[in-house]
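Asker: This is the structure I want to talk about, given as structure tokens.
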Amino acid sequence: MPKIKTVRGAAKRFKKTGKGGFKHKHANLRHILTKKATKRKRHLRPKAMVSKGDLGLIIACLPYA
């Protein structure tokens with residue numbers, strides 16, 4: 001049986017947590033920040049958890065995580 005390939009883009013974007021979930025960085029915080037409210041930017045700063053519906057897709061992309 002051949003090895004399963006890891007999706008490299010997903011490996012760079014998602015990190016596994018201790019309880020088996022995955023965390024990721026929010027979108028919309030790279031450029032064109034002047035028109036975005038300070039509160040919006042502040043809420044985008046912390047890492048977010050992958051939702052339950054998307055978890056299966058991430059697990060399939062990262063078979064060895």
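Note: Cβ is positioned from N, Cα and C throughout, glycine not excepted.
According to Swiss-Prot, the region 'Disordered' annotation covers 1-22. Taken from Swiss-Prot, the feature compositional bias 'Basic residues' covers 10-22.
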Asker: Should anything in the same chain at least six residues away from the compositional bias 'Basic residues' (10-22) have a Cβ under 8 Å from its Cβ atoms, list it; otherwise answer none.
Answerer: 49-50, 55, 58, 61-62, 65
Asker: Work out, from DSSP, the number of helix, strand and coil residues along the region 'Disordered' (1-22).
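Answerer: Per DSSP, the residues of the region 'Disordered' (1-22) fall into 6 helix, 3 strand, 13 coil.
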